[in-house]
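First comes the structure, then the notes that go with it.
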Amino acid sequence: MKLQRKNMLRASALGALVVSGALVLTACGSDDNTKTGDGASKAAAPAAGDIKCEGAKGKLLASGSSAQKNAVDLWVKNYMAACSGVEVNYKSSSSGEGIVAFNQGTVGFAGSDSALKPEQVEESKKICTGGQGIDLPMVGGPIALGFNVAGVDKLNLDAATIANIFNDKIKKWDDEAIKKLNPGVTLPSTAIQHFHRSEDSGTTENLGKYLKATAGDAWPYEAAKKWPAPGGLGASGSSGVATQVKQVDGAIGYFELSYASAQGIKTVDLNTGAAAPVKATGENASKAIAAAKIAGTGSDLALKLDYTTKAEGAYPIVLVTYEVVCDKGNKPETLPTVKSFLNYTASDAGQKILLENGYAPIPAEINAKVREVINSLS
Amino acid sequence: MASTTPTQIDTAPPVSTSKRPTGRAGDKIFAGLSKGSGILLLVIMASIAVFLTYRASIALSKNEGNFLTTFDWNASANPPVFGIAVLLFGTVVSSIIAMVIAVPIAVGIALFISHYAPRRLAAPIAYVVDLLAAVPSIIYGIWGALFLVPQLAGLNLWLDEYLGWTYVFDKTQVGVARSLFTVGILLAIMILPIVTSVSREVFLQVPRMNEEAALALGATRWEVIRMSVLPFGRSGVISASMLGLGRALGETMAVATVLSPSFLISGHILDPGGGTFAQNIAAKFDEANEFGRDALIASGLVLFLLTLLVNGAARLIIARRKDFSGANA
């Protein structure tokens with residue numbers, strides 16, 4: 001017993017050492033962060049001129065889609081640097097959770113990967129007195145198809161081939177269908193291992209919508225947050241899928257472009273029927289979003305994307321994330337902050353940040369309507 | 001405690017307990033406090049159980065599929081269809097794999113620490129094993145996904161080639177080792193510290209007299225262990241294993257990171273697929289609507305029931321072996 005107690009003491013001493021060491025290290029880390037933060041806000045100082053803080057005050061809570069987290073974080077940083085005394089807190093959880101929080105009235109706005117469903121709109125009427133929840137498209141982004149095939153640097157695929165790969169119909173990289181799309185490329189006979197998200201996800205749903213619209217019979221599934229096809233391998237989160245693709249030879253998977261650039265993963269160029277295959281980039285995604293039509297009624301700006309677009313340089317596998325707010329009946333204490341913050345995110349300066357960070361700005365025409373609606377919020 | 005031999009107890013002066021004045025009021029307050037805490041605990045547990053059962057019953061009453069046999073989890077859809085068969089299978093299978101791997105190793109380590117290792121080596125080893133328990137499970141998950149999964153590719157091929165005829169080890173799909181088997185190995189590593197440290201404690205409590213008697217009869221060290229240490233420690237090792245099993249059944253993040261889940265039951269444990277209760281709750285909770293969360297609560301209740309059954313069974317086994325338990329020594 002005595003010996004044991006001594007061990008415990010020794011163990012806790014070592015544990016304390018580890019913990020305090022970690023604290024010291026993290027303390028250094030946060031020091032560095034503030035330094036870079038200062039630098040960035042200095043660099044972004046000209047943008048501060050575009051931020052109008054009129055009436056904004058206090059604390060604004062928001063919650064929702066993790067797909068737009070990085071963009072919102074940058075916005076919040078610049079915004080809070082320009083408007084003192086205002087605190088914006090975006091909790092990136094998931095679209096579903098964001099909408100639940102919105103409909104419970106605990107957040108000023110919610111971020112969502114998909115537009116509100118009719119029953120969710122119905123529910124929102126309880127919170128938005130005299131109004132209802134509406135969708136404002138704010139952040140676009142390309143969903144890249146990352147691949148890892150030894151010796152292959154460039155890969156062109158079209159919708160039907162992508163569908164057949166994720167459907168287990170095409171099993172080897174040197175399949176005729178892939179060869180035909182990639183003349184002059186030596187493809188190995190490695191088995192294809194395709195990765196999808198193991199948890200429900202808006203990214204899965206958006207890829208599903210694209211395949212449903214363009215791949216014809218090759219993709220018989222309805223688009224849903226849950227991965228529909230049998231076979232393949234699941235991994236949790238975009239980062240999980242990207243890590244697996246990076247690790248496994250013969251792998252292909254889908255995730256937001258920023259994950260591909262962060263890990264140096266090669267991405268598929270999409271053969272949309274345009275003259276040349278389209279690269280997954282923020283600009284190209286914006287071009288595809290420009291082909292979208294507004295499907296919402298009134299001030300609701302939910303978009304109906306045109307996945308079959310053949311416009312030159314338009315990359316149609318895109319994700320549009322919305323900010324969900326009340327058109328009327330926003331809480332008086334947060335309304336000025338919501339308006340002022342969203343005015344910034346929808347401004348030219350706000351949208352420019354998107355392009356620099358792997359996202360896609362909302363095309364000018366739609367963006368103009370978004371700004372109109374933001375100014376009319378009450 | 002390990003060094004307290006009966007002789008010592010006999011020679012020790014009787015500890016006086018009655019001479020020092022004790023406040024009656026203090027006794028009463030303490031009794032009241034402990035009784036109150038006990039009752040409070042029961043009330044809290046009961047109200048949690050009532051709440052969970054209520055929420056689960058909402059989900060179950062609207063389920064279009066059979067809760068026990070449906071191979072699907074689509075609780076947020078309209079109409080909702082969900083069942084726990086796959087989760088039950090995956091949870092039990094991965095835990096069994098973990099136990100089969102972990103318990104013998106843990107007992108081995110515990111015996112080594114308590115009876116074989118030189119004192120100077122025993123302490124650091126015990127310490128390192130205990131430290132394994134302090135690693136958060138998400139770290140195990142990341143380690144599993146980044147390191148363990150690629151490392152197991154070779155083992156998988158080997159098992160498939162030489163034991164493929166057993167069906168269980170027949171790998172039918174190409175794909176990295178994000179399988180229940182890998183999860184089992186990871187869980188085994190995770191439950192190793194708890195099983196080891198409890199077993200070690202028990203082995204250290206084997207009455208010195210028993211061991212010395214065996215040695216005096218000319219038994220080798222292995223015979224001592226076989227004849228006195230193992231029989232004495234059996235019930236302790238069983239309880240240690242059950243503690244480990246409890247952790248394996250409920251492990252969430254590590255499984256969610258390593259497993260490639262799919263809603264089908266397959267006896268080929270090297271193939272990716274399957275799922276566990278806790279992993280499914282973690283994966284589905286974020287995007288679930290209120291009804292979907294009720295359904296997840298219902299699945300959680302089944303896990304609760306499963307854990308209860310396992311613990312009950314363990315208690316039965318231990319009760320039957322009471323004669324050997326440390327309490328009577």
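Glycine too: its Cβ is placed from the backbone N, Cα and C atoms.
Taken from TrEMBL, the feature compositional bias 'Polar residues' applies to B:1-20.
What TrEMBL records for B:88-314 is domain 'ABC transmembrane type-1'.
Annotation source TrEMBL lists region 'Disordered' at B:1-23.
Sequence annotations record features per position, and here TrEMBL assigns transmembrane segment to B:38-60 (among others).
Sequence-remote contacts of a segment are chain residues at least 6 beyond its ends whose Cβ falls under 8 Å from one of its Cβ atoms, and for the transmembrane segment (B:80-113) they are 59, 62-74, 122, 125-126, 129, 180-181, 183-185, 187-192, 195-197, 199-200, 202-203, 225, 229, 237, 240-241, 244-245, 248-249, 255, 259, 263-265, 269, 274-280, 291-292, 295, 298-299, 302-303, 306. Taken from TrEMBL, the feature transmembrane segment covers B:80-113 (among others).
Feature annotation from TrEMBL assigns transmembrane segment to B:125-149 (among others). Taking Cβ pairs closer than 8 Å, the transmembrane segment (B:125-149) reaches residues 109, 112-113, 117, 176-178, 182, 185-186, 189-190, 192-194, 196-197, 200, 251-258 in its own chain, all 6 or more past its ends.
The transmembrane segment annotation in TrEMBL covers B:179-199 (among others). Cβ atoms under 8 Å from those of the transmembrane segment (B:179-199) belong to residues 90, 93-103, 105-107, 109-110, 113, 126, 129-133, 137, 140-141, 144, 148-149, 152, 156, 233, 236-237, 239-241, 243-245, 247-248, 251, 254-255, 258-260, 269-274, 276 of the same chain, restricted to positions at least 6 beyond its ends.
Long-range neighbours of the transmembrane segment (B:248-270) within the same chain, counting only residues 6 or more positions beyond its ends whose Cβ lies under 8 Å from a Cβ of the stretch, are 71-73, 85-86, 89-91, 93-95, 97-99, 137-138, 140-142, 144-145, 148-149, 156, 159-160, 167-173, 175, 177-184, 186-187, 190-191, 276-283, 303, 306-307, 310. Annotated transmembrane segment per TrEMBL: B:248-270 (among others), in sequence order.
Look at TrEMBL and you will find B:295-318 (among others) tagged as transmembrane segment.
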